[in-house]
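Record features, source Swiss-Prot:
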BINDING   CYS37, CYS38, CYS102, CYS132  [4Fe-4S] cluster binding site
Amino acid sequence: MGIEGVLKEGVVTTSADKLINWARTGSLWPMTFGLACCAVEMMHAGASRYDLDRFGIIFRPSPRQSDVMIVAGTLVNKMAPALRKVYDQMAEPRWVISMGSCANGGGYYHYSYSVVRGCDRIVPVDVYVPGCPPTAEALLYGIIQLQNKIKRTNTIAR
């Protein structure tokens, strides 16, 4: 967990970076941006079988209350400005998970004139979750990968 040592008196020593990153990884608040069938799997991951609450993940309805955006589904050109606007409303630090083949690169509709070929053209993406649609386990693995990425960042040195 980033704890460097425990002394005999019950005192824990750590660095500020590790403490901040530990708190951030244990309290990710994602905002759902469900656009298609991948959103059903995202809701499935939030249900009791997978219990994302045990990881400190609580879905928030507002971008101002969340620090993770999960883009799930086909992003069309008409929806791209709304995605960027919602992303800009999120407080720093913020992360994005791209869920499913359509969000990753256009998916089945890649050659359509109205489809954005990957949400990374609109917002910076931290973790890609493959699949059509990806399972709830795949999303859970992607969230764990995001937690590992957050643990490796230097928060004070930014």
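Using the three backbone atoms N, Cα and C, a Cβ is placed for every residue, glycine included.
Known features from Swiss-Prot, placed on the structure.
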{"residue": "CYS37", "record": "[4Fe-4S] cluster binding site", "contacts (Cβ under 8 Å, 6+ apart)": "GLY73, GLY100, PRO133"}
{"residue": "CYS38", "record": "[4Fe-4S] cluster binding site", "contacts (Cβ under 8 Å, 6+ apart)": "ALA72, GLY73, MET99, GLY100, CYS102, ALA103, PRO133, PRO134"}
{"residue": "CYS132", "record": "[4Fe-4S] cluster binding site", "contacts (Cβ under 8 Å, 6+ apart)": "GLY100, SER101, CYS102, GLY107, TYR108"}
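Taking all protein chains in view, 29 other C-beta atoms sit within 10 angstroms of the C-beta of CYS102 ([4Fe-4S] cluster binding site). Same-chain neighbours of the [4Fe-4S] cluster site beyond CYS37, CYS38, CYS102, CYS132, judged by a C-beta within 8 angstroms of the site's C-beta center, are, in sequence order, ALA36, ALA72, GLY73, THR74, MET99, GLY100, SER101, ALA103, GLY107, GLY131, PRO133, PRO134. Mapped onto three states, the DSSP output places CYS132 ([4Fe-4S] cluster binding site) in coil.
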